[in-house]
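Single-structure report; data block below.
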Amino acid sequence: MRPHLAMAAIHARLYSLLMALLALVSGALVVLGFAPFGWYPMALVGLLGLLFALRGADARDGALRGWLFGVGLMGFGVFWIRISLNEFGNMTPVVANLLTVLFVAIMALYYGLLGWLLRRLGRNDDWVVPGLLFPGIYLLIEWLRGWLFTGFPWLNLGYTQLDGPLSGYAPVVGVYGVGLLLVCSVGLLWGLVHWARAGRWAAVGALVVIWGGGLLLQTVAWTQPTGERLRAAVVQANIPQSIKWDPERLVSTVSIYWELTEDLLGVDLVVWPETAIPAFLHEVRTAVIEPMALRAAEAGSELVLGIPVMETEQGRYYNALLSIGTQEDLYAKRHLVPFGEFMPFKPILGPLVELFEVPMSDFSPGRSERPLLAVGTWSAGVSICYEDAFPSAVSQALPEARFLINVSNDAWFGDSLAPHQHLEIARMRALENGRYLLRATNTGISAIIDTRGRLLGVVPSFELGSLTSEIELYQGATPFARFGNGPVIVTAAFMVLLALGFGVIGMAGAKIRRRRA
C-alpha cells in the first residue's frame, strides 16, 4: 500500500474511533438533563453530538454509533438496576453487574436501530435528515421502547424539559410530544450551522416559535378547579428493604406507620406507600384494617394504603391500593414490573425465578378498566410504582379523577439516581393531566405536586416523616388526556414518510439529470 493511502486509512480509522467515542459521551451527556441534575440544555448538547457522530457514516457505522449512544444513555442513566439484583435478588456483585450490562446492551439496541435507519434511509446530510428523519425516527424508537415486551419507558427525552420552556407543551402533547419538539429543535440548531442563509433564517424563526410557544403555553390553564380543597398528607416510614418482608417485623412496621398517622388524623386524606402493610389483606383485615378504618372515620379522615391482596380460591395475588375510612375501595395494579413482580415468557425463563429471592414476585395484573379509586366522596386517579411511567395509563383516570395518587417503594434502588428520576416522572404526570398528585414512598422521595408539576414539599430519601399540604380538586381534561399519544406518533410517522418522499423525489431528479447529461 502506498504511504499516502496508508495514512488516509489510519486517519479514517482514527476518525471512526473518535466518532464512536463522541456517540458514547453524547449519550452520557443527555443523562445530565434528567433528575437529579436537571440541566435541560444538556439534552440538546448530547443529541447534537449524536447527530454529528452519525454524519457521513454508512449504515453499519451508524448502527454502531447509535448503539454506543444508547450505552452511554442507559449505562449512566439506569445502572442502578444492579442494586436491586445484588442486594435484594440473591445475586453476587459479579452476576448482578453482568446482567445489568446485558440489560443496558439490549436497551441500547433501540438506538442502534435509530443510527442504522438514519444512515440507511438518509444518506445525504441535507436538511431532510436533521429536520425530518432524525426527530421522527427518534420519537418512534422511544415510543417502541416504552411499548415492546411490556415496555421500559424510562429516560424519555421529554422529562429533561420539565423545568424548561418546552414543558408548556406537556398538557397538550405529553412527554413524547415534548421529546419530539426537543429533537426537532436539535435539527434546527444543526441547520443554523449547516444550511444555506434562507434555511438558517427559517431555523431561527422555527426555534423562536417552538420555544416561545412553550413559554406562552405555560400560562394556559387547561383544567379548572372545582372550588373544593382538602388537607392531604403523605407518610414515609423509611422501612429498610432488607427487613420489610420479615414476618416478625410486621407489628413494628404497622406501628411506625400508625404512629405517624395518628398525628395527622383530622386531615381529609392520608396516603401510605406501596405495600406499606407487608401482609395479605385477608390476614390483617380484622386485627389491623378494620380498627384503623374505624379510627380514621371517627376523625373524619380517609386513609389510602398499599397492601397485597390474595384471591384465595384462584390462588392469585395482587399489588393493591386500599381506601378505608368512610367507605372502602380497592385498586389492583395493572402494569406489573417484569422480573420484579412477574416473570415474562415464563415457560422459557421460569427456571430463572429460583435465582431471585424477591418477595411477592409472582403477582397477577389487576382487571380494572381504568385506574380510579373511590376515596371518601372523591374519585382519585391512582398508579402503583412503575405504572406512573406510562402516560396514557395515568390519563385514563380523567376526567373523573379530581386528583392523582402515586405510591411506590423505591428502596429497591438505594441511594441512586432512580428515586430522583421516578419523582421527575410523577411531576410530569401531574403536569400532563392538570391535577395535584400525592406521592407516598417507603424510603423516599415522597412529595406533593401541584398541577404545574411543581413540588409543594418533599420528604427526602431515607428519612422518616410526613408531609401535609392543602390541595385543590380539579375537573376537566387536558388535550393530552383526551387524545393521548396518538397524534404525536402519527406526526412522527408522517415526518419519516415525508422525508422518504423527498428522498425519492431527489433520486428521481438526479436520475433525470444524469440522462440529460
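Positions of Cβ are set from backbone N, Cα and C atoms, glycine also.
If you take every residue in the domain 'CN hydrolase' (235-473) and average the pLDDT, you get 90. The feature domain 'CN hydrolase' is assigned by TrEMBL to 235-473.
Residues or ranges marked as transmembrane segment in TrEMBL: 12-31 (among others).
If you look up TrEMBL, you'll see 37-54 (among others) marked as transmembrane segment.
What TrEMBL lists as transmembrane segment is 66-83 (among others).
The transmembrane segment annotation in TrEMBL covers 95-118 (among others).
Here the transmembrane segment (127-148) has Cβ contacts under 8 Å with residues 51, 107, 110-111, 113-114, 117-118, 121, 156-157, 176, 179-180, 183-184, 186-188, 190-191, 194-195, 199, 389-390, 485, 488-489, 492-496, 498-499, 502-503 of the same chain, all six or more residues outside its ends. Feature annotation from TrEMBL assigns transmembrane segment to 127-148 (among others).
The transmembrane segment annotation in TrEMBL covers 168-189 (among others).
Residues or ranges marked as transmembrane segment by TrEMBL: 201-222 (among others).
According to TrEMBL, the transmembrane segment annotation covers 488-510 (among others).
Remark: the transmembrane segment (66-83) contacts the transmembrane segment (12-31), by the rule of 3 or more CB pairs under 8 A.
Scored on C-beta pairs under 8 angstroms, the neighbour of the transmembrane segment (37-54) with the top count among 12-31, 95-118, 201-222 is 12-31. Long-range Cβ contacts of the transmembrane segment (201-222) within its own chain (Cβ-Cβ under 8 Å, at least 6 residues beyond either end) map to 164-169, 171-172, 181, 184-185, 188-189, 191-192, 195, 434, 452, 476, 478-479. Below 8 angstroms of C-beta separation, residues 37, 42-43, 45-50, 52-54, 57, 61, 64-66, 68-77, 111, 115, 155, 157, 160 of the same chain, each at least six residues beyond the ends of the transmembrane segment (12-31), sit close to that stretch.
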